[in-house]
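> First the structure, which I've put down as structure tokens, then a few questions once you've had a look.
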Amino acid sequence: MQKAELITAIVTPFNDRDEIDYGVMQRLVDHLIAEGTDGFVVGATTGEGPTLSHPEKITLYTRFADMVHGRALVIANSGSNNTKETAAFTHEVGGIAGIDATLVVVPYYNKPDQNGMIAHYTAVAAAAQKPIVIYNIPGRTGVDMLPATVATLAQNPMIQGIKQCGSLPALSDIIDRTKHDAFNVWTGEDAQALNIKTLGGMGVISVAAHLYAHSIREMYAALDRGDITTVAALQRQLLPKMAALFHFPSPAPTKAALNALGFQVGSPRLPLLPLNASQQQELAHLLGVPELSAIEAEVLA
């Protein structure tokens, strides 16, 4: 699996008929690659994967891989809380040309223990055609994969990374336990985009990169050259903006901002709602601009 340190968890654009808008998706992909994104997660949380049908996912993944055309890493969501279905779908998605890896979430609702998690991922890995990236997000699943469990699964050659959402101590522990070339650790928390690099991880799977990929790239470049003054300044600028994109249920804030920028990604599907006028104004305030369209000056500069 190719290396990627700034991965965008990309939204799924919908048109007025609530169908996937592939024209907008192509524009957004090209823009994000130009801004410094070197990877994508498609059809996952930010991409509203739970609202996509099986045929929609297969078509989306196939067309998305064609859009990227080898210019960036492509990780497609294939996980669920049903082991047999996850194994079958992971196998199917792995057969799509241009898909580099699959994202498999820790089973939600069922709430397995650590041994159950190991059994789940072992079964899915046995069916996989492409590398698997674990997705540990306790706030959405109700269970937390422990660092020791991650280390056990990292020994499986088909399991080559993790998107880890949670505390910094857990993130650091996972990095320390999985120090070998075939396993990549990404944070799924935008606010940890800097921390993950200083801890020796690969990078961030980001929502904020839709708007601030260039600034995150600039921060990473400053870190690489030891310019801590610039790193600190960029981190201070980015943190409140990153938090703002989760002030309302995600990805509604990101979609509202992208719509204001001219990327007509539409509304989220139910049960999520688009931001109303008052919420859009509040989001603009949190992003530090008088109205959402005003972010164009810093995002598209």
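The backbone N, Cα and C atoms fix where each Cβ goes, and this holds for glycine too.
Pulled these features from Swiss-Prot for this protein:
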- T45: site 'Part of a proton relay during catalysis' (SITE)
- T46, I205: pyruvate binding site (BINDING)
- Y109: site 'Part of a proton relay during catalysis' (SITE)
- Y135: active site, proton donor/acceptor (ACT_SITE)
- K163: active site, schiff-base intermediate with substrate (ACT_SITE)
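Give me the structural setting of these features: burial, nearby parts and distances.
Taking all protein chains in view, 22 other C-beta atoms sit within 10 angstroms of the C-beta of T45 (site 'Part of a proton relay during catalysis').
A coil conformation is recorded for T46 (pyruvate binding site) in the three-state DSSP classification, outside any helix or strand. The Cβ neighbour count for T46 (pyruvate binding site), using a 10 Å radius and every protein chain shown, is 25.
Long-range Cβ proximity for Y109 (site 'Part of a proton relay during catalysis'), meaning a same-chain Cβ under 8 A and a gap of 6 or more residues, is found for N81, T141, G142.
Sequence-distant neighbours of Y135 (active site, proton donor/acceptor) (same chain, 6+ apart, CB under 8 A from its CB) are A44, N77, G79, L103, V104, V105, V106, I162, K163, G188.
In the structure as shown, the Cβ atom of K163 (active site, schiff-base intermediate with substrate) sits within 10 Å of 26 other Cβ atoms.
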> Write out the long-range same-chain contacts of I205 (pyruvate binding site), meaning residues 6 or more apart in sequence whose Cβ is under 8 Å from its Cβ.
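Expected: I7, T8, A9, G39, V41, K163, W186, T187, G188.
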